[in-house]
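Enquirer: First the structure, which I've put down as structure tokens, then a few questions once you've had a look.
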Amino acid sequence: MPASEFQLIERYFARLGTTRADVVLGVGDDCALLQVPADRQLAVSMDTLVEGIHFFPDVDPESLGHKALAVNLSDLAAMGADPAWVTLALTLPKVDEAWLAGFCRGFARLAARYQVQLVGGDTTRGPLSISVQVHGFVEPGRALRRDQARPGDQIYVTGSLGDAGLALLAAGGGYDAGERLAVLQQQLDWPEPRVAASQALRHLCRCAIDISDGLLADLGHICEKSGLGATIRQAAIPLSEAVADYVHTTGDWSMPLAAGDDYELCLVIPAGQQAQVERIARTLAVPLTLIGQMESGAGIHCVDAAGNKVADLQGGYDHFRNA
Ligand code: ADP
Ligand code: MG
């Protein structure tokens, strides 16, 4: 006999992630009861993954569990908040315990790594969809909002850009990545939220955003909210070997500039902090690269090595653009 909803909850969700002292009551009652530290604000964010839109139907459930939490932890990192709790709304077409076990393994491993506890959720039947809400803590006044950039501030990014986009292109048969496909696929399926980089650098940052929809689109949000523009030195954008190869052979910069799903951080830091930023970056296992600066005016200008403006690209993924 297939497991009931309550058996599934007990088996898979009742004890998932770290057991935290600030969880007064977790999974199992009508609500969870959670204790926010007196000197912190609660940062809350939610992301949904829908089969066929955000992932392929045959994706490894373990990587899906990881990614569903990772993209949410990425939002907390982008806000400069410390992860604490998570809720999970899971809509499943059928009870497939092997699938559920894999999903929970990926989710739980990442949750434990960042001391996150699953404190509640909802389990329903329908087309496969996963909604995760994360809760984190931030010192009042210290959140990394999008509206605080000033002209002359420097723009940094973590990691390398365009790998997830190129993995998608290759998976769809639009590019032959050869032996590099596995590395690209890893970036797409197992993104690492930049929590540690955020925690190490946030005291220096004016703004941050995670690059989920492409650099131009996401930096564009900082520009818009701050009433500014930006200049990006295209040659400075950090590229993996695979993406560098792709850009060289095709001349197409859309992967590092406009493709989504990288979950790297874009950080805006006042000029004059470069030595300190570089010192901290050396202690991180994550590359950090200065790619440009904020400007008065509007719009993002990409310039070549000589400082000349390069052609504009359509930026970013927008679910409703062609709807
Ligand atoms: P209710 O009928 O009050 O909405 P549910 O039967 O949906 O309660 O859930 C029972 C308990 O299990 C609740 O504490 C709920 O938060 C938790 N729960 C249900 N589904 C999940 C899930 N996917 N992940 C974590 N907790 C869940
Ligand atoms: Mg319910």
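A Cβ is built for glycine as well, from the same backbone N, Cα and C atoms used for every other residue.
These numbers come from a predicted model, not from an experiment.
Checked TrEMBL, it gives:
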BINDING   ASP30, ASP75, ASP210  Mg(2+) 3 binding site
BINDING   ASP30, SER45, ASP75  Mg(2+) 4 binding site
BINDING   ASP47, ASP122  Mg(2+) 1 binding site
BINDING   ASP47, ASP75  Mg(2+) 2 binding site
BINDING   HIS54, ASP261, TYR317  substrate binding site
BINDING   GLY121, ASP122, ARG146, SER212  ATP binding site
BINDING   ASP213  Mg(2+) 5 binding site
DOMAIN    28-138  domain 'PurM-like N-terminal'
DOMAIN    150-299  domain 'PurM-like C-terminal'
Enquirer: With DSSP helix as H/G/I and strand as E/B, how many residues of the domain 'PurM-like N-terminal' (28-138) fall in helix, strand and coil?
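Expert: Computed counts for the domain 'PurM-like N-terminal' (28-138) are 36 helix, 45 strand, 30 coil.
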Enquirer: Do you know offhand how many angstrom separate SER45 (Mg(2+) 4 binding site) and ASP75 (Mg(2+) 3 binding site) by C-alpha?
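Expert: Distance (Cα to Cα, whole Å): 7 Å.
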Enquirer: Cα-Cα separation of ASP261 (substrate binding site) and ASP30 (Mg(2+) 3 binding site), in Å?
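Expert: Cα-Cα, rounded: 34 Å.
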Enquirer: What residues, ordered by sequence, lie under 8 A Cβ-to-Cβ from ASP47 (Mg(2+) 1 binding site) and sit at least six positions away in the same chain?
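Expert: Same-chain residues close to ASP47 (Mg(2+) 1 binding site) (Cβ under 8 Å, separated by 6 or more) are ALA68, VAL71, ASN72, ASP75, SER131, VAL132.
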Enquirer: Taking ligand 2 as the reference, state which of the binding-site residues ASP30, SER45, ASP47, ASP122, SER212, ASP261 have a Cβ closer than 6 Å to one of its atoms.
Expert: ASP122
Enquirer: Please give me the CB contact count at 10 A for ASP261 (substrate binding site), counting all chains in the structure.
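Expert: By my count, 22.
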Enquirer: Counting distance between Cα atoms, which of the binding-site residues HIS54, ASP122, ASP213 is nearest ARG146 (ATP binding site)?
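Expert: Of all the candidates listed, ASP213 is nearest in space.
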Enquirer: State the three-class DSSP label for ASP210 (Mg(2+) 3 binding site), counting H, G and I as helix, E and B as strand, and everything else as coil.
Expert: strand
Enquirer: Can you tell me whether DSSP puts ASP261 (substrate binding site) in helix, strand or coil?
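Expert: The residue in question, ASP261 (substrate binding site), is coil (DSSP, three-state).
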